[in-house]
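Asks: Structure in structure tokens, see below.
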């Protein structure tokens, strides 16, 4: 029996999977129930929970983490999360956390989009690990993956014990049915699923493609705004967390876990998406990138790309993040006497980029939606020859709008190491370096 239950926030109101309901705010202390009175009053773990439910806490940080950074939620579910048969190791596929398969290269790298997968490929089977650093054992670094899928996960569920998942759809919508509610996400939106939260994925459009950043380190948070002030960039109110929803199904199901870089499988006799109510501040959320409040120069020069920071995973070093998630959205460029595209750069950090739609303003061609690029530590990069010539001779007395585009970047202080699949992929563009070879010598010591 598939039970589509009503949800509640302060008041009990019915809801439908046709239109999932959300709660607004980033990192808020939420309370939501899919049956009236399912949340215990005044305590977390009563002797007997309402409706015969089990109380279970899921912790995303240490018990003793400072209150401002402590993340946990209490779940009230039909069966505890421990109810399943033992896990067995799966054969290693293309989704993993093994980043020492091949030596990393200082070359600039760029890939075409993944080809369409074989029929019947669900979201988990469609994930391909492209690169990463650090590892889940040390709880630092990230895994970078691409996915291409064409089948729903109906009787299969997944959770990631290694890190939280930042999902960036590029083509096709995703319906993320999680323990804590339903999240619908489309291209130009992102979703984050916390470490350990179980879910399955449906594909409303039949096919889907996109990117994933797997965060092994500290949870993603909003960056401090400093002198920008109290508003700007990604505003907290625009992050949406689902209301409680559950399904009460029994059958022969599979639970897949990612643990210490490898996949494991277990048989489970019921759907683990059976949380009838929950409260806390650790939960899935989504964000519409089109709502990003872009900051830029209105006088001269192109500011550092940190002005486009959406989410960060902080490290122990002040001012240095384990991962920065940055976007390059539609925006007006108004700086006068300025080379307006992103400038030439050699960076101590490493940059993995993807393109959701349109054209990236530093690359006239070759970098296409669904593709990716990697510029590792101190690898020179920047606008291609065509972009440089055009921008160097454009009229900067008039504002110009970069429109119908959305590129993004996962930036890390550690070198991003491609996997064997990525290094040997047919999608790797062997002639990427040629985009800079047409840059001409303009130097003339007799002219200033």
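Cβ coordinates come from backbone N, Cα and C, glycine included.
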Asks: Swiss-Prot has 345, 351 binding Fe cation. Which one of 302, 381 is in the same site?
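Replies: Candidate in the recorded Fe cation site: 381.
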Asks: If one measures from the C-alpha of residue 345 (Fe cation binding site) to the C-alpha of residue 302 (active site, proton acceptor), what distance in angstrom results, rounded to a whole number?
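Replies: Their Cα atoms are separated by 12 Å.
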Asks: Indicate whether residue 351 (Fe cation binding site) is helix, strand or coil by DSSP.
Replies: strand
Asks: Between the recorded positions 302, 345, 381, whose Cβ has more other Cβ atoms within 10 Å than any of the rest?
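Replies: Selected residue: 381.
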Asks: In the same chain, which residues outside the set 345, 351, 381 have their CB within 8 A of the centroid of the CB atoms that define the Fe cation site?
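Replies: Output for this site, in sequence order: 342, 346, 347, 375, 379, 380, 382.
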Asks: May I ask you to report the DSSP-based helix, strand or coil state of residue 381 (Fe cation binding site)?
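Replies: Strand, per DSSP.
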Asks: Who sits close to residue 360 (homogentisate binding site): which same-chain residues at least 6 apart have their Cβ under 8 Å from its Cβ?
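Replies: Result: 328, 353, 367, 405, 407.
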Asks: Write down the Cα-Cα distance for residue 302 (active site, proton acceptor) and residue 381 (Fe cation binding site), rounded and given in Å.
Replies: 16
